[in-house]
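TrEMBL lists Thr130, Ile131, Thr132, Arg137, Lys314, Gly364, Thr365, Val366, Thr367, Arg368, His369, Asn382 with the feature NADP(+) binding site. Annotation source TrEMBL lists D-threo-isocitrate binding site at Thr132, Ser149, Pro150, Asn151, Gly152, Thr153, Ile154, Arg155, Arg164, Arg187. According to TrEMBL, the feature Mn(2+) binding site maps to Asp306, Asp329. For 64-454, the entry in TrEMBL reads domain 'Isopropylmalate dehydrogenase-like'. Under the heading site 'Critical for catalysis', TrEMBL lists Tyr194, Lys266.
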Amino acid sequence: MLSSSFSSSSTILTLRNKNPNFLISLRNGALNNRVVFTAQFPRAVSLRCYASSSGFDRVQVRNPVVEMDGDEMTRIIWNMIKDKLIFPYLDLDIKYFDLGILSRDATDDKVTVEAAEAALKYNVAIKCATITPDETRVKEFGLKSMWRSPNGTIRNILNGTVFREPILCKNVPRIVPGWKKPICIGRHAFGDQYRATDTIITGPGKLKMVFVPEGGDKPVELDVYNFKGPGIALSMYNVDESIRVFAESSMSLAFSKKWPLYLSTKNTILKKYDGRFKDIFQDAYEKNWKDKFEAHSIWYEHRLIDDMVAYALKSEGGYVWACKNYDGDVQSDLLAQGFGSLGLMTSVLLSSDGKTLEAEAAHGTVTRHFRLYQKGQETSTNSIASIFAWTRGLEHRAKLDKNERLLDFVHKLEAACIETVEAGKMTKDLAILIHGPKVSKEFYLTTGDFVDAIAINLERKLQQPTMC
């Protein structure tokens, strides 16, 4: 969905041009007098997006970015961000894909694959939060199928690693007060428990694990356990190629940030399984990264997961933490809460070569707020993580293109967000962290007013000298 400023006294007016896929609605009220190009585009479209801003020479972005639109309240916020914080300042070529649940259903989820392939082509993608349907959602939307997570599909095609990092605001209290610097956590999102086969053992018997090689070689048979009664069993796996991608992605990100990198495993117990992670990481470091790291006084180190958790809690931050799949699932939420909120957490998917990046918010579609929005009720939804999806994607575009003006814009937009919160202007979720669960309305802004406050701050910062 693409929007630009407009004033009208009409409540709703619909216009069509000669293209049947193109619909314009003028809405007064819900979207504050805006022209809204609704999601009746073909599922992928190229748009040159810009709007005017008084006294500002828009930044020219030479190469395209892929935009992946989403669902529910985050889709509403997404358009506010584009309308007020992005399009007025950038001359930007967008390759647009609608990953809203109905678009995915209408295309049998082909639009998700096309969006991911476009991300590989253009190297930068910026994604809105999307619904991953369960049985309830299938009934709600009348879906043809319970479609896979778009994030999983995109992750498999980009063949990368998900990294999450907190956004720090001085006045937002942290459960772990010693964390002065961000901790960026990388989760290896393949295999292990998430692709395991488990079963219930109904009675006494012998459990075996068998590997049958291709080519007719003799099968490898391992005795696992002699059950004396009922129990449970699990078989899981991983592959060298995926672990190598994980290692290269982690080291590429750590090097770009000039931060140390730690890998955590339990190789003392899982000597072969976790030991394989340790060996592949060490091999990648020695062959490709050691000299680069040492030249910038940073390092790579393997640690046991229990030792790493203890170190994380007593450290001040300032490093990348590479986790296996389950560990990353658990520890990323621990970090989010320890730093304050999932609403203050960035998420990027980085390919193994460090060239392709997809950025998104770490949270979901904020369904509860969307239900209020549908009823015309006031919402106070935090847009910072979605704004940072745009800034982290555009930052990558700027670095690839060596575009200093774009990099300066990105830094100023991020600073505008943080300074707005630190000046006491924030949404309800952050106000609760500061003032408690019974916070009164005087301490927080509505969804739209918060974006407006950031826009005012951004306009002021853009008049200042470059930050790069």
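Placement of Cβ uses the backbone N, Cα and C atoms for every residue, glycine included.
Here the features listed in TrEMBL are placed on the structure.
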residue : record                          : Cβ contacts under 8 Å, 6 or more apart
Thr130  : NADP(+) binding site            : Met68, Gly70, Asp71, Leu99, Gly100, Ile101, Pro150, Asn151, Thr365
Gly152  : D-threo-isocitrate binding site : Ala189
Tyr194  : site 'Critical for catalysis'   : Asn325, Tyr326
Lys266  : site 'Critical for catalysis'   : Asp274, Leu304, Ile305, Asp306
Lys314  : NADP(+) binding site            : Gly178
Asp329  : Mn(2+) binding site             : Arg187
His369  : NADP(+) binding site            : Met73, Thr379, Ser380, Thr381, Thr447
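A simple way to gauge crowding: the CB of Thr365 (NADP(+) binding site) has 23 other CB atoms within 10 angstroms, across all the protein chains here. Between the CA atoms of Thr367 (NADP(+) binding site) and Ile154 (D-threo-isocitrate binding site) there is a gap of 22 Å. Fewest Cβ neighbours within 10 Å among the binding-site residues Thr132, Thr367: that distinction goes to Thr367. Here the domain 'Isopropylmalate dehydrogenase-like' (64-454) returns a mean pLDDT of 95 for the predicted model.
Around the Cβ of Arg164 (D-threo-isocitrate binding site), a 10 Å sphere holds 23 further Cβ atoms from the protein chains shown. Pairwise Cα distances among Thr130, Ile131, Thr132, Arg137, Lys314, Gly364, Thr365, Val366, Thr367, Arg368, His369, Asn382, the recorded NADP(+)-binding residues, top out at 42 Å. Around the Cβ of Ile154 (D-threo-isocitrate binding site), the same chain contributes Thr112, Ala115, Ala116, Ala119, Ala125, Lys127, Leu349, Glu358, each under 8 angstroms and 6 or more positions distant in sequence. Counting only the Cα atoms, the space from Thr132 (NADP(+) binding site) to Arg164 (D-threo-isocitrate binding site) is about 20 angstrom. Pro150 (D-threo-isocitrate binding site): 26 other CB atoms within 10 A of its CB, across all protein chains. Within 10 Å of the C-beta atom of Asp306 (Mn(2+) binding site) sit 11 other C-beta atoms, taking all shown protein chains into account.
In the three-state DSSP scheme, Arg164 (D-threo-isocitrate binding site) is classed as strand.
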